Amino acid sequence: MKILFATLLVVTTPHLVTGQIHWGNLSKIGVVGTGSASYKVMTQSSHQTLVIKLMPNITAIDNCTKTEIEEYKRLLGTVLQPIKVALNAITKNIKPIKSSTTSRRHRRFAGVALAGAALGVATAAQITAGIALHQSMMNTQAIESLKASLETTNQAIEEIRQAGQEMILAVQGVQDYINNELVPAMGQLSCDIVGQKLGLKLLRYYTEILSLFGPSLRDPISAEISIQALSYALGGDINKILEKLGYSGSDLLAILESKGIKAKITYVDIESYFIVLSIAYPSLSEIKGVIIHRLEGVSYNIGSQEWYTTVPRYVATQGYLISNFDDTPCAFSPEGTICSQNALYPMSPLLQECFRGSTRSCARTLVSGSIGNRFILSKGNLIANCASILCKCYTTGSIISQDPDKILTYIAADQCPIVEVDGVTIQVGSREYPDAVYLHKIDLGPPISLEKLDVGTNLGNAVTKLEKAKDLLDSSDLILETIKGASVTNTGHILVGAGLIAVVGILIVTCCCRKRSNDSKVSTVILNPGLKPDLTGTSKSYVRSL
């Protein structure tokens, strides 16, 4: 029941399973996923000491090979002497530091210090490597014990265990040839032929040593040697060496492909002719739930212009989260993505919206020249920009034309089983993508420029427009200030005028009131009936007229 539910969940929610990346909408603008892998990070390395014994044990054929051995020693000296000088130059200037406490009882080792004045010029990488070199070096007693053990061994690979120390692996690349071919043939071959055979073998071995340690001649302190290169000096049997080193992790192939196993020179002996290496082989830690997706894009046409969507080549998903992924410190293998450090960093919200299906959030740029893919095979279907390249149905011989309203053409077996595109013949499968992606149904993102010259030109134009906008804003501010001052002045004038009008109006009203008051008094005196004139001796007619 649980298995059935899980199957239904995968079928019904494909985008949820793939980390919320909407592959359906992305395919409409020419972006498809070409693979997914787990994410693993290298953790703290384990260290193992390896000794390359450059001088084989030739006790059984010593009488026939003296000349060849002397010439071989001379050649080895030209390689080992510069490395020895460089190692001594930095190791002799590294001294231990004691604790600063005065108590003898509490005095202890506190670390190491580099005598910079005596050393002179050294880079930060050389100083760091020099400190690590000092910490991995064997003491004099251990070196002498190692010399004695190497002189007595005649095995190609020998495990040497010293008292109180870890196992040391000693390797001699020519010893098997001497033991298995030259020594048994001593009775059938003359002494000269044995010497010549050994001389040729030693010369070839010297060439391998020179190619291996040649780059270390310039900077033997910080130079690292990969285990692949080291295998040539170990006789070519890398599996046996790794087995002897005790490494049997399931991620061995991934670590080898990512070149995670490194070796550094810690000691060179130019008398006994051997080199001591410190080999670091890391373990891997898988970050659960993180999936790395690889993306590829196909260009598409809008009219006569060819565009492609600008998305990163790799992205990482963890549940609903989508992050950018820096593939610089990483290697890709069938076992997953192996990184020497954390390669995830945040993604902008706009780009996250693009991956979640909002095509209007996906920026696009013009195709310059012949840059960009014009077709890609995904889920057995051919996604092609048939407006820019010739698409032909190989089965029928007809040309597959692209509708001007379409930005891409999706070809499956129902349309043409065998397709010839840009001179390549491809057999396609059943339809997985609908061939109905029209321009008017897609919201395309904003156009941007990725070319350095175009970006610089656009930035210059933007700065110029900003300066002009600033000047216009300053002018508008000045106009606003002028209008503000003028409005204040006009308001004052209006208020003064209104005050004067009000005063004049009050005066006029006052004068009118006084005049009316005087007129009313005069009329009262004339019309008062209590005052009668003296009419004595006046005729009746006159009185009547009055």
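Each Cβ is built from the backbone N, Cα and C atoms, and glycine gets one as well.
In Swiss-Prot, the annotation N-linked glycosylation site falls on N63, out of N63, N518. Looking at 18-46, 134-162, the stretch flagged in Swiss-Prot as coiled coil turns out to be 134-162. Between C393 and the candidates C386, C391, C416, Swiss-Prot records the disulphide pairing with C416. The Cβ of C416 has fewer other Cβ atoms within 10 Å than any other of the disulfide-bonded residues C339, C416. Here the disulfide-bonded residues are C354, C362, C386, C391, C393, and the one with the most other Cβ atoms within 10 Å of its Cβ is C354. C354 (disulfide bond) falls within a helix when secondary structure is assigned with DSSP.
Checked against C339 (disulfide bond) by C-alpha proximity, the disulfide-bonded residues C354, C386, C393 yield C354 as the nearest. C362 (disulfide bond) and C386 (disulfide bond) have their C-alpha atoms 22 Å apart, to the nearest angstrom.
Sequence-distant neighbours of C330 (disulfide bond) (same chain, 6+ apart, CB under 8 A from its CB) are S258, T337, I338, C339, S340, A343. Note: the CA-CA distance between C354 (disulfide bond) and C386 (disulfide bond) rounds to 25 Å. Annotation note: C391 (disulfide bond) sits in a strand segment as assigned by DSSP.
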